[in-house]
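Asks: Just dropping this structure here.
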Amino acid sequence: MKQYLDLLDRVLTEGIEKGDRTGTGTISVFGHQMRFNLDEGFPCLTTKKLHLKSIIYELLWFLKGDTNVKYLQDHGVRIWNEWADETGDLGHIYGYQWRSWPTYDGGFIDQISEAVDAIKHNPDSRRIIVSAWNVGDLDHMNLPPCHAFFQFYVANGRLSLQLYQRSADIFLGVPFNIASYALLLQMMAQVTGLQAGDFIHTLGDAHIYLNHLEQVKLQLSREPRPLPQMKINPDVKNIFDFQFEDFELVNYDPHPHIAGKVAV
């Protein structure tokens, strides 16, 4: 994906070296945008192999409103283990905010259900937004949300999604985020009777950790390959009814995986 490789190249060329919360050190730029037209293929990185199983199960976990790693671990996914407490809980992170945003009167807002309803019945609304950045709840999250909020846009029978990501680990995290939100867009388009349009990924602090520089250079040396296609079970009409078996990535021919250590 040229958009992603251009981002890597920009950060290597223009990035400023900065300290960070983890003590690892980064080079970063502030403000970057990538656009992916899903008509051109599913944006799953080809210059290194991604673990699609983790991406799908994590998204289903978010949509369940779950915040305990047991569901992920039961399906062989370990990407959240480092931030979980001794009971496996992560606090009021993504799934909680997406499905159970607390209100002042003691109630809860299911933002995903409201987004589906708005897309179907008020598609011209400029308020079709789902936010995980709940300022009053940040102290109850083991890790504040990096991909903070996203907005839907309906035009000419197509549904598009724009994500704002405040903190973007470009080598490890961003490829997962691209694939995850592109998949969410396809799922939301299907259940609302629309075609999937563009996924727009807007980044705030876009950084490469200093211990990932050699991996990034290796990735930039590889020639991108044609994008795969994501096939989704057409019989699923409710956003909360999707199962892992409803997804099939076809014609995915990536370069080999490149390992990198997660900064915790």
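Cβ atoms are placed via backbone N, Cα and C, with glycine included.
For reference, Swiss-Prot lists these features for the protein:
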| type | residues | note |
| --- | --- | --- |
| BINDING | ARG21, ARG126, ARG127, ARG166, SER167, ALA168, ASP169, ASN177, HIS207, ILE208, TYR209 | dUMP binding site |
| BINDING | HIS51, ASP169, ALA263 | (6R)-5,10-methylene-5,6,7,8-tetrahydrofolate binding site |
| ACT_SITE | CYS146 | active site, nucleophile |
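On this model, are these features tucked inside or out on the surface, and what's nearby?
Replies: Using a 10 Å Cβ-Cβ cutoff, ASP169 (dUMP binding site) registers 24 neighbours.
The number of other CB atoms found within 10 A of the CB of CYS146 (active site, nucleophile), across every protein chain shown, is 19. In the three-state DSSP classification, CYS146 (active site, nucleophile) falls within coil.
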Asks: Using the residues the record lists for dUMP (ARG21, ARG126, ARG127, ARG166, SER167, ALA168, ASP169, ASN177, HIS207, ILE208, TYR209), what whole-number Å value is the largest Cα to Cα distance?
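Replies: If we measure all Cα pairs in ARG21, ARG126, ARG127, ARG166, SER167, ALA168, ASP169, ASN177, HIS207, ILE208, TYR209, the largest is 36 Å.
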Asks: Write out the long-range same-chain contacts of SER167 (dUMP binding site), meaning residues 6 or more apart in sequence whose Cβ is under 8 Å from its Cβ.
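Replies: When sequence neighbours closer than 6 are ignored, SER167 (dUMP binding site) has CYS146, GLY204, ASP205, HIS207 within Cβ distance under 8 Å.
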Asks: Given ARG127 (dUMP binding site) and HIS51 ((6R)-5,10-methylene-5,6,7,8-tetrahydrofolate binding site), what distance in Å do their CA atoms have, once rounded to a whole number?
Replies: 33
Asks: What is the one among the binding-site residues ARG21, HIS51, HIS207 whose Cβ has the most other Cβ atoms less than or equal to 10 Å away?
Replies: HIS207
Asks: Looking only at C-alpha atoms, tell me how far TYR209 (dUMP binding site) is from HIS51 ((6R)-5,10-methylene-5,6,7,8-tetrahydrofolate binding site), rounded to the nearest Å.
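Replies: Approximately 20 Å lies between the Cα of TYR209 (dUMP binding site) and that of HIS51 ((6R)-5,10-methylene-5,6,7,8-tetrahydrofolate binding site).
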